[in-house]
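Q: Below you'll find the structure I mean.
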């Protein structure tokens, strides 16, 4: 408590929007949260950061009333209760609004239908009074400056607008923004930089009007630029409470990890002549697939190539088309000289291509299977001598757990029991075997904490050192700068600017990735 | 030796204590089955009829049919495909064998493989539609089951075919080493299906498809081919169950086989509440078969009326599906 006292005591307790005191929760023998306390002033933007498994999710679940804590108290607008008594109804009544990472919007419904989902729609003569519904929705959107019509279908809207609609739904009934608190769990994880800025701008506006905001994020730069106070959780305890102004990103990273975060391994930055001598592992000619059009691309052995571009530029589509997850319409893809059949993932795997999809839970992981089944999913035939040799599988799994620094109870442990970062390590490690010549990664560190992120970068670099060709799609400029020998920008499905390590910088990425959209905004 | 044991002891007890909840969950159905057996052995009304060699042999021999069908169904089920053709294909198999041996000169040893292959062929049809046209398995298999029942009816004119050769009925009724022959056949099927699921790339791939079909495709599993294969193998085992049914009853009776379908499904879902809770598994399925069978057998011996069987089985399906769904959610949540 003493850490934050100086800041908190100047203003009276009545100005506190949300306070949690001594929250503790254990699952079986594991301490998820221990004596966690923090307070958010009214109108303050308070960041909650921490690695995977640090207790952030548990804390949010307790506030939402979906997880019953062992001890602690919660106070919202001066209403104080034992945290164990918080129910979803209480949380809503007290004015706590939540926006989760997957926004929980109904994509095919209109903005108004989404805003009022779960509430009785206005009725007239027993029928839904659509005019009244859209009128009410337009008033809410207007009040919150969302800048969208209530009759639009959510699926047609840009990502930041969709997030703002989820925010508006969470603020429903208290658009005056004076009471309660808004709790946002990684709202920017799926947004491109320009979209992030737009969302944060709107949130800043709400805070200025008096709304307390709890903001959970892995993007530390963004946290420091956006929040005024930062609470760091580590291993279920509050490790630090600081004002954002007093921290540098590096200090914050150290607080989150609880140790010095290894600076990115010095990228190879090899001379161009040396690269020229290496054989091209991936050769793409004239590839058409959905938004991707006329794509030519080579990736050499040992080279890490980044794919940058705005949301919708076709980064994911290109990777999926290369792997055969999507059927390309035209063009050839050769890996190690061998032409890949289109739309045939098994053929790609056979040629030594690995793919780590963006959506881990939906497309990458077998959550209810064990670590072993997940790790060896793509290499089963190697463990078959007439039948699958469980002993060899277990040896290989134990070795991978050790080599890749995975924290898990053992090879049998169900993947869903691991933290997000450790799950992602397993999903990537699946391909880090001798047989893989080309690794395709789509947002490899999304939703992964700082410590695990550094580990994953090290794994990818090490694989490249051994001669693997790597193609990484990422919306995260830091990630591309840290990881890649060369970055290729996709613009509306076409290959645009390219830069090698020496020429790469934040500025280069900014002007080449966002240049076009910035120009558009200026014209608009 | 003794030192090792002492050093090892504390950690082992600790892990055991922590695992008490899961153990109750894991073996709940097994305990329930043992309790049922104890109850019917001691209850005065059934005590002199339940625990007799004759009763147990009949029980085991009859349930071998259900168990083989259920184990066949397990293959599409672990891949997340609900197959309802179980009983219909078994009936078809009975009919084919009976028709061949009574109406042609083809010997039994040829008739059985013909029937079983035909059943695998039916699995090939429903499997192709499900896998390649991506139609929902539950609807396709329901349609196929109805269609097969109709075709059997058309052929047989709703008359039973009787007059099976002794070689066949002997297999259904005699014992080997004191154990009914159908049970030996069941043992073989248990080993085969257990091996396929646990020790083959095919089985592991089916588990992967059942867990996350898209993720399976993205690690290079040929998901459609494997789903098709699971239906073919399942059809084959339903065919074997059908031949065994004919061997037990000595007559092929046309029908839609709905009773066998429900019995096998009950066992599969009950099986998912035990041994590996939340997952379809081989030992659980066997426990499930005998849990239902012992209950109904005991109640029947106690003089329960005809309606008890469907009421009990129906209730067991509902409870088993609800429980296994709940367990699966708890595991993932």
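Placement of Cβ uses the backbone N, Cα and C atoms for every residue, glycine included.
Below, the features straight out of TrEMBL:
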type: TRANSMEM; residues: B:23-43; note: transmembrane segment
type: TRANSMEM; residues: B:59-77; note: transmembrane segment
type: TRANSMEM; residues: B:84-102; note: transmembrane segment
type: TRANSMEM; residues: B:108-133; note: transmembrane segment
type: TRANSMEM; residues: B:140-162; note: transmembrane segment
type: TRANSMEM; residues: B:182-201; note: transmembrane segment
type: TRANSMEM; residues: B:226-246; note: transmembrane segment
type: TRANSMEM; residues: B:258-275; note: transmembrane segment
type: TRANSMEM; residues: B:282-305; note: transmembrane segment
type: TRANSMEM; residues: B:311-328; note: transmembrane segment
Q: Look at every Cβ pair spanning the transmembrane segment (B:182-201) and the transmembrane segment (B:59-77), keep those 6 or more apart in sequence, and say whether at least 3 of them are under 8 Å.
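A: Contact confirmed: at least 3 Cβ pairs fall under 8 Å.
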Q: At least three Cβ pairs under 8 Å linking the transmembrane segment (B:140-162) and the transmembrane segment (B:108-133), pairs spaced 6 or more in sequence?
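A: Output yes: the transmembrane segment (B:140-162) sits against the transmembrane segment (B:108-133).
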Q: Out of B:108-133, B:258-275, B:311-328, which stretch has the largest tally of CB pairs under 8 angstroms to the transmembrane segment (B:59-77)?
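A: Most Cβ pairs under 8 Å with the transmembrane segment (B:59-77) come from B:258-275.
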Q: By Cβ distance under 8 Å, which residues at least 6 away from the ends of the transmembrane segment (B:311-328) in the same chain are close to it?
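A: Residues 25, 262-263, 265-266, 269-270, 272-273, 277-279, 288, 291-292, 295-296, 299 contact the transmembrane segment (B:311-328) from elsewhere in the chain.
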Q: Which residues, given as numbers and ranges, are at least 6 beyond the ends of the transmembrane segment (B:258-275) yet have a Cβ under 8 Å from it?
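A: Contacts of the transmembrane segment (B:258-275) (Cβ under 8 Å, skipping residues fewer than 6 from its ends): 26-30, 65-67, 69-70, 73-74, 77, 84-88, 90-91, 145, 241, 245, 281-289, 291-292, 313-314, 316-317, 320-321, 323-324, 327-328.
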